[in-house]
Ligand code: UD1
Ligand code: CA
């Protein structure tokens, strides 16, 4: 029978090098906190339990990691990674196997974790060979290929610092052994300014003459811990390029995978095209042959077949029907719904409003708390005045209505089917169907009027 697996996730540190009020494990990567990525990876291993060690800003970290399969252990004082694991193991089945994951190493490949679990040594360490090892613990192999101990950067002499094989922090061992090695390391920790290193377990195991397996990561760039914003940005690029690659392999046409940011989930049909610098957040669903122009941001949006979202448009919590055209420079706010073939043009904002099939608002409008019937045409500069300073009111515009440019529709108000509203109207009462309604001062021309000329200048005066 295989021994039960317990995963321990270290997430109590402050992350001083981030220079942020946000705890490090809550920094966002690909639209989700670092800790979320670590937990996702832990779950793929189907462990018997997951323990997250929290400390700095514990309530916030707990709230982000909260789940039925997660238990929390509080490390009140951050005395080091060894101390954190020691706390996490209290009360755990000593016969279980323990996999330690670091909250700041979010993208560790599943294959690496599986190799760690498949190794049969009493202690397995995941290492990585990197070009720039600075900041990481160095692997001391003696003889080569046999891990003897790990030396932290701050304790390393120049020769040790030049070693390019580093500790990823990820390790696997039996709970009983790990506890014993950790307890032995505590004395050593006291000597060293009170910091209790998890990495000392290697030397302890070797001291007992137990073999230590060293596995080297298959993807060294993905197992580098994130300590500062430079490293955070590097991991973000890594994650985004793998997301872009996955989408392209599934048939998405990306103009430039290096300028694509997927910060949530994306579903798409065949022949969709996404131009440069598009940001997708939350849950985005695209039908077939959808085009998204450059510089758009979509959050929680559904776009149906054949629709075009033109350059620099912002869409949030809305639905765009088949064959619609949105933008450039459009803003669809929550509750906007465009039915088949509707068009929203530049500098048009829509909120909590429905645009019926084939209806258009092509330029410079605000349509809020409104319904617009099929084929209606909203002229440039039309505003639904939905807010009276205290309450919101609705505007209903019938099918085939025509709203002249620069009209203000003062809600609550209705425009009947096939009604025409003259340009510049301030509509305060309902406009009946099929008639022209307009509210504007009559035009006058003053006969005999002349534009004043400049007065002649008086010499000597200014
Ligand atoms: C650690 C390793 C180093 C390794 C590197 C890989 C130790 C002593 N060093 O260094 O060998 O190369 O990670 O990224 O382990 N944490 C706690 N409680 C604490 C201290 C830290 O939970 O008391 C958590 C942090 O929140 C973080 C993780 O442990 O998620 C690692 O801590 P960090 O301080 O970043 O260790 P490094 O200096 O990066
Ligand atoms: Ca770290």
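From the backbone N, Cα and C atoms, a Cβ is placed for every residue, glycine too.
The feature active site, proton acceptor is assigned by TrEMBL to 363. In this structure, residue 363 (active site, proton acceptor) is part of a beta strand by DSSP. Less than 8 angstroms from the CB of residue 363 (active site, proton acceptor) sit 345, 346, 347, 348, 380, 381, each of them six or more residues away in the same chain.
Feature annotation from TrEMBL assigns acetyl-CoA binding site to 380, 386, 387, 405, 423, 440. According to DSSP, residue 405 (acetyl-CoA binding site) is assigned to coil rather than to any helix or strand.
The annotation compositional bias 'Basic residues' is assigned in TrEMBL to 451-462. Summarised by DSSP class, the composition of the compositional bias 'Basic residues' (451-462) is 0 helix, 0 strand, 12 coil.
If you look up TrEMBL, you'll see 7-121 marked as domain 'MobA-like NTP transferase'.
Per TrEMBL, domain 'Mannose-1-phosphate guanyltransferase C-terminal' is recorded for 269-333. For the domain 'Mannose-1-phosphate guanyltransferase C-terminal' (269-333), the model gives a mean pLDDT of 98.
Long-range neighbours of the region 'Linker' (230-250) within the same chain, counting only residues 6 or more positions beyond its ends whose Cβ lies under 8 Å from a Cβ of the stretch, are 18, 27, 29-30, 106-107, 221-222, 224, 257-258, 260-262, 266, 268. Per TrEMBL, region 'Linker' is recorded for 230-250.
Taken from TrEMBL, the feature region 'N-acetyltransferase' covers 251-462.
In the three-state DSSP scheme, residue 387 (acetyl-CoA binding site) is classed as strand.
DSSP places the residues of the region 'Linker' (230-250) in helix, strand and coil in these numbers: 20 helix, 0 strand, 1 coil. The most densely surrounded of the binding-site residues 386, 405 is 386 (count of other Cβ atoms within 10 A of its Cβ).
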